[in-house]
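What TrEMBL says about this protein:
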| type | residues | note |
| --- | --- | --- |
| TRANSMEM | 6-30 | transmembrane segment |
| DOMAIN | 71-268 | domain 'Peptidase M12A' |
| BINDING | HIS168, HIS172, HIS178 | Zn(2+) binding site |
| ACT_SITE | GLU169 | active site |
Amino acid sequence: VRYTSVLAITISVICSILAFACVSISLDLIQRGDDFSISTLLEKANANLGKNLDEPLVIFGDIAVPTGLQNADPCTARGCLWPKNNGRVVVPYRISDQYSRRERDVIEQGLRSFEAATCVSFRPQSRERDFLDIQSRDGCYSFVGRRGGGQIVSLSRQGCVFHQIVQHEVLHALGFDHEQTRSDRDQHVRILLENVIPGMEHNFRKINTRNLDTPYDYNSVMHYGRFAFSRDREPTIVPIPDENVAIGRATEMSANDILRVNRLYTCSMYLVSFRFFFFPFL
C-alpha cells in the first residue's frame with residue numbers, strides 16, 4: 001500500500017510538472033530580460049505602497065510586518081506554520097469579489113500548483129478563524145507565515161495577478177523569505193549597495209533563514225533580479241563566481257522551492273516521491 005501511494009503521488013508530481021511546462025516555456029519566451037523579473041514586477045506594482053494608511057508596513061519589497069517590528073526576522077519558529085492534520089496541511093482562503101473571472105482563475109491555478117507536488121492544499125474558507133484573505137489592495141505583499149485571523153495577501157489587479165507572483169506571495173504566507181536574504185547568500189551573490197536607491201538598502205539585509213539543507217537557488221521563484229531597487233539601472237545583485245547566471249526570472253516554483261515546502265511541513269510521502277522523480281539512482 002505504501003509503495004502504491006508513493007507511485008500515485010509520483011505520477012501526480014510528474015503530471016503537474018508536465019502540465020505547467022508549456023505555460024512556463026511560453027511565459028519564459030515572453031518574459032525574457034530583467035524587465036520581467038519577479039523584483040521588477042513587484043517594484044512596479046508596489047510603487048505607491050505606503051501612501052494608504054490602511055496598508056501594513058512593507059519591508060524587503062513585498063513582506064508585510066506589524067508596525068514597529070520592521071527589524072524582526074519573521075517566521076523563525078514553528079509556531080508560524082499552518083497546522084497539519086492526517087498528513088496534509090490545509091490552508092483556508094478567501095478571494096475578494098474585486099477580481100474578474102480570468103484573474104480568479106490565475107489565482108486559483110497558483111494555489112492548486114502546490115497541491116500536486118506538496119502536502120499543502122487550499123480550500124475556500126468557511127468557519128475557520130485563520131485564513132488567507134486575498135484582496136486587490138495597493139501592490140503585492142504578504143505576511144511571512146501564519147499570523148492568525150484573516151491574513152491579508154495583497155494581489156493588486158494592477159500588476160500582481162501573474163502565476164509566479166501568486167506562488168511568490170503564497171510561499172511567503174507559508175513561511176518563506178526571499179532567496180537573496182538567506183543567511184549563506186554571501187557565498188553565492190554580491191550585493192552592490194552603492195547601486196541601490198538611497199533609503200532602500202534595508203531590503204538587502206540578511207536574515208536568519210531556515211535553509212532546510214537545500215542549496216542556494218538562482219532559479220527560485222523567491223529570488224529577485226539583478227536590478228532590484230536599482231538606481232540608474234546598475235546591478236544590485238550579482239551572482240558569484242559566474243556573474244552571467246540568470247537570476248530572478250522564474251515563472252514557476254523551482255524543484256528546490258517544492259522541496260523546501262515539503263521539508264518545512266514534513267510532507268513525508270512527497271519527499272519520497274520527490275527523491276524518486278528527481279534523483280532515481282541515489
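Just so you know, glycine gets a Cβ as well, placed from its N, Cα and C.
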Around the Zn(2+) site formed by HIS168, HIS172, HIS178, list the extra residues of the same chain whose Cβ is within 8 Å of the site's Cβ centroid.
ASP62, ILE63, SER142, GLU169, LEU171, PHE176, ASP177, VAL221, MET222
Taking the domain 'Peptidase M12A' (71-268) alone, what is its mean pLDDT?
94
Whole-number answer please: how many Å between the C-alpha atoms of HIS178 (Zn(2+) binding site) and GLU169 (active site)?
10
